[in-house]
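Asker: In case it helps, TrEMBL gives these features for our protein:
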DOMAIN    8-184  domain 'Formyl transferase N-terminal'
BINDING   Gly17, Thr18, Asn19  N(1)-(5-phospho-beta-D-ribosyl)glycinamide binding site
BINDING   Arg70, Met95, Lys96, Ile97, Leu98, Asn110  (6R)-10-formyltetrahydrofolate binding site
ACT_SITE  His112  active site, proton donor
SITE      Asp148  site 'Raises pKa of active site His'
Amino acid sequence: MCVSKAGRLVVLVSGSGTNLQALLDASADPSYGARVVAVGADRDGIEGLVKASKAGIPTFVEKLGNYPTRADWDAAIAAKIAEYDPSLVVSAGFMKILGAPTLEAFPVLNTHPALLPSFPGAHGVRDALAHGVKVTGCTVMLADAGVDTGPIVAQETVPVLPDDDEAVLHERIKTVERRLLVEIVGRMVREGWTVSGRIVRIGNQTGGEST
Ligand SMILES: Nc1nc2c(c(=O)[nH]1)N[C@@H](CN(C=O)c1ccc(C(=O)N[C@@H](CCC(=O)O)C(=O)O)cc1)CN2
Ligand SMILES: NCC(=O)N[C@@H]1O[C@H](COP(=O)([O-])[O-])[C@@H](O)[C@H]1O
């Protein structure tokens, strides 16, 4: 199946890869308009890489510790992503902050398990639970140089229940998150998007365009 550059996704993972699997499942339908052309990680031995391999998707691992500086890793992962010529990079549980070489070369869509700007960072679910919120959720946003500070594309709320622990709450969030990410990625690839300041609009465009 020939997919235009517009439909080429590189997905970055660091864990179980259930968001990745949702994208793989969705892209099996040609009408989705996108396919995963590669899966990258910052560590070995994770289920996300197993999921990719089982689907016959090329994988790569770029470990920070293999490089003398963070800047060297930033350059290396950007170069590896570029080998697959994506139109969109999707960070789905990827636990490293991407540097300028990647951000300047590709649009990067990130999914976060909290309602940004609340509870950014590597532990959004834990931090929201500890704060005692009654409603949390998930956020799909375009990554910028900050930590979860980029323009928000979509959000959806998830209730916090009295006996929730981090794992239970995170699984409830992930159920919503997987559906939202699949919807947003498909719409952005098929319809394009614009970014004006902090406002992202999907549709009426032929590709990712900033104004
Ligand atoms: N340039 C950006 N890169 C990434 C973003 C982003 O907003 N801008 N989001 C992250 C995903 N993420 C939250 O959604 C997130 C992941 C990891 C961290 C973090 O503190 N990472 C540490 C290392 C942690 C570890 O190795 O376990 C680090 O990068 O030094 C914060 C937020 C994806 N990339
Ligand atoms: N701050 C980054 C972060 O917490 N990301 C979160 O990691 C999980 C990965 O699940 P998955 O590997 O099963 O898709 C997802 O819930 C994602 O939002």
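Glycine residues also receive a Cβ, built from the backbone N, Cα and C atoms like all the rest.
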Asker: Which residues does Leu98 ((6R)-10-formyltetrahydrofolate binding site) neighbour through Cβ under 8 Å, counting only same-chain ones at least six apart?
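Answerer: For Leu98 ((6R)-10-formyltetrahydrofolate binding site), the qualifying residues are Leu12, Asp74, Ile77, Ser91, Val108, Ala143.
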Asker: Between Met95 ((6R)-10-formyltetrahydrofolate binding site) and His112 (active site, proton donor), find the distance joining the two CA atoms and give it rounded to the nearest Å.
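Answerer: On Cα coordinates alone, these residues lie 11 Å apart.
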Asker: Counting only other Cβ atoms and using a 10 Å cut-off, which of the binding-site residues Met95, Ile97 scores lowest?
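Answerer: Least crowded of the binding-site residues Met95, Ile97, by Cβ count within 10 Å, is Met95.
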Asker: What does DSSP say about Asn19 (N(1)-(5-phospho-beta-D-ribosyl)glycinamide binding site): helix, strand or coil?
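Answerer: Helix, per DSSP.
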Asker: Pick the one among the binding-site residues Thr18, Asn110 whose Cβ has the fewest other Cβ atoms within 10 Å in this structure.
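Answerer: Comparing Cβ neighbours within 10 Å for the binding-site residues Thr18, Asn110, Thr18 has the fewest.
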Asker: For N(1)-(5-phospho-beta-D-ribosyl)glycinamide, what surrounds Gly17, Thr18, Asn19 with a Cβ no more than 8 Å from their Cβ centroid?
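Answerer: Filtered neighbour residues, in order: Val13, Gly15, Ser16, Leu20, Gln21, Ala22, Gly48, Lys51, Ala92, Gly93, Lys174, Arg178.
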Asker: Around Ile97 ((6R)-10-formyltetrahydrofolate binding site), which of the listed recorded positions (Gly17, Thr18, Asn19, His112, Asp148) come within 10 Å, judging by Cα atoms?
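Answerer: Neighbours among recorded positions, in sequence order: Asp148.
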Asker: In terms of Cα spacing, which of the recorded positions Gly17, Arg70, Lys96, Asp148 are within 10 angstroms of the residue listed as 'active site, proton donor'?
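Answerer: The recorded positions passing the 10 Å Cα test are Asp148.
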Asker: Can you name the binding-site residues among Gly17, Asn19, Asn110 whose CA is within 10 A of the CA of Asp148 (site 'Raises pKa of active site His')?
Answerer: Asn110
